[in-house]
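Participant: For 20-39, the entry in TrEMBL reads transmembrane segment. As annotated by TrEMBL, region 'Disordered' applies to 44-82, 239-258. According to TrEMBL, the feature repeat 'TPR' maps to 81-114, 334-367, 368-401, 443-476, 512-545. TrEMBL lists 242-255 with the feature compositional bias 'Basic and acidic residues'.
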Amino acid sequence: MMAASKPVEPESGSGLPRWQLALLVGAPIVLGVGAVYLWNRSRSKSKRNGERKTPEGSASPVHGQAQDGGEQKGMSPLDQAQAAKNRGNKYFKASKFEQAIQCYTEAISLCPTEQKGDLSTFYQNRAAAYEQQMKWAEVVQDCSRAVDLNPRYVKALFRRAKAQEKLDNKKECLEDVTAVCILEAFQNQQSMLLADKVLKLLGKEKAKEKYKNREPLMPSPQFIKSYFSSFTEDIISQPLQKGEKKDEDKDKEGEAAEVTASSGYLKAKHFMDEENYDKIISECSKEVESRGRHTAEALLLRATFYLLIGNASAAQPDLDQVINMESANVKLRANALIKRGSMYMQQQQPQLSTQDFNMAAEIDPQNADVYHHRGQLKILLDQVEEAVADFDKCIGLRPDSALAQAQKCFALYRQAYTGNNASQVQIAMEGFEDIIRRFPKCAEGYALYAQALTDQQQFGKADEMYDKCIELEPDNATTYVHKGLLQLQWKQDLDLGLELISKAIEIDSKCDFAYETMGTIEVQRGNLDKAIDMFNKAINLAKSEMEMAHLYSLCDAAYAQTEVAKKALSN
């Protein structure tokens, strides 16, 4: 859900996905364990972003040998092989791939086995011809021979990666393209795009299977309270009314009798007050089954907890029922639409999400929550002007809404920052100062300001803002993670960063963001096995299939690097 999750922000200031950042920083560490395979290419070679489809080597003789087929007496076997290769190159350029293959095969058979560099080129050239014929298995076979002879052969590795993709061998494709990315220092757009594509496909495949069979997991109390605090007009999250609520002066026996005799929904509300969240769904179910007078509220509360434990398929029928219950309180129906709209956004169905938020605004136009949450949706859709308009509506209805004011300021800041508009960036930064002055108790205001300050490389002040957040919300694990990340960017202090993120896990053992971040840091430290363990912990805590797919991508990127490193050590 959009509420109470990590602040809305791009993946990284550099524009690289996090898996690329992790590998990029991790690469020199792999070198430290002997992976010459990954980096030691000639510095004289220029970096190219385009894909070369032609074979290697000149189409004319390079050792003074005779032209096509006219080999001279006394030519060395290598010269004869080069002549055969050159004939193959001419056929290749004329799109006569079968004849090119025959020439490359002749070159391979003539070439002395000790001439590994030349032999690897001949195999790679034949693979290029097979590629034109879409003979993917043969491409893989020849590229493998080329790489065996020359383990740093980027062109053969990338060609094999593309063939493995065609053969649907995603794991093998990923290992090859990871090696290519590292060898090329992430300068070649094509190899990076292929890696990104394969990681996303692998992540989606694995997440779909895992999420379907996952055990429901209740988030931490801190996360649940933070989630509900993002709503100001949510009836089900309000404290119990007088007469339903625990009263210190009330006779204990009488109170117990009242609660026992009360509805399942009221019992669920008591459990909410006590932070005994595991019992809420079952009590709501009792209310729904008995068709009690709080059925609509029970359906919405049950759906909300289904969403919190990551069971969207169970939540949707309850939300649908409340939304279609015209006799229900309009605030309940609007809240159900907000939650279903957020669920659709998580499922990457922005059109359905937008429809639900628009319907919520139609049926309850004075509901500040609708505009606050729709504003967050618009930021995710990169519709900043519409987001700001929604935050303004929310603020107009609730002038004391510090959260909406902080998020509006952050939206304006991101728009100015990504548009390189220095004067608007300065106005947004002054806006943050105004917000923390007017709302000194709003932790989110300090947190968003800290992110903006970090972008501006004002690290010392950003650190102060995170300290303010911790002072206001000492049990907010996410703040410790952000503060830990700041130490890495500011002081390159991995140990302090890990110490702060470990503190986050100590506060909230179910903070998936902390495990994900720790995994990324461990990749950078070269502790790939530990990184994989951290990513797996985050995967088990993921709150949506989309989030899980992203985490699998990080985990698979780290695993691919371990495989590349193992191969490097064996060469």
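Placed from the backbone N, Cα and C atoms, the Cβ positions cover glycine too.
Because TrEMBL annotations are produced automatically, they should be read as predictions rather than curated entries.
Give me the lay of the land around each of these features.
Facilitator: Mapped onto DSSP classes, the repeat 'TPR' (334-367) shows 27 helix, 0 strand, 7 coil.
Packing against the repeat 'TPR' (368-401) from elsewhere in the chain are residues 2-3, 8, 230-234, 334-335, 337-338, 341-342, 345, 350, 353-354, 357, 360-361, 407-408, 411-412, 414-415: each is 6 or more residues past its ends and has a CB under 8 Å from a CB in it.
Confidence over the repeat 'TPR' (443-476), given as mean pLDDT on the 0 to 100 scale, stands at 96.
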Participant: Using a Cβ cut-off of under 8 Å, list the residues of the same chain at least 6 residues beyond the repeat 'TPR' (334-367) that approach it.
Facilitator: 1-3, 231, 233-236, 300, 303-304, 307, 312, 315-316, 319-320, 322-323, 373-374, 377, 380-381, 397, 544-547
Participant: Looking only at the repeat 'TPR' (81-114), how are its residues distributed among DSSP helix, strand and coil?
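Facilitator: Secondary-structure breakdown of the repeat 'TPR' (81-114): 27 helix, 0 strand, 7 coil.
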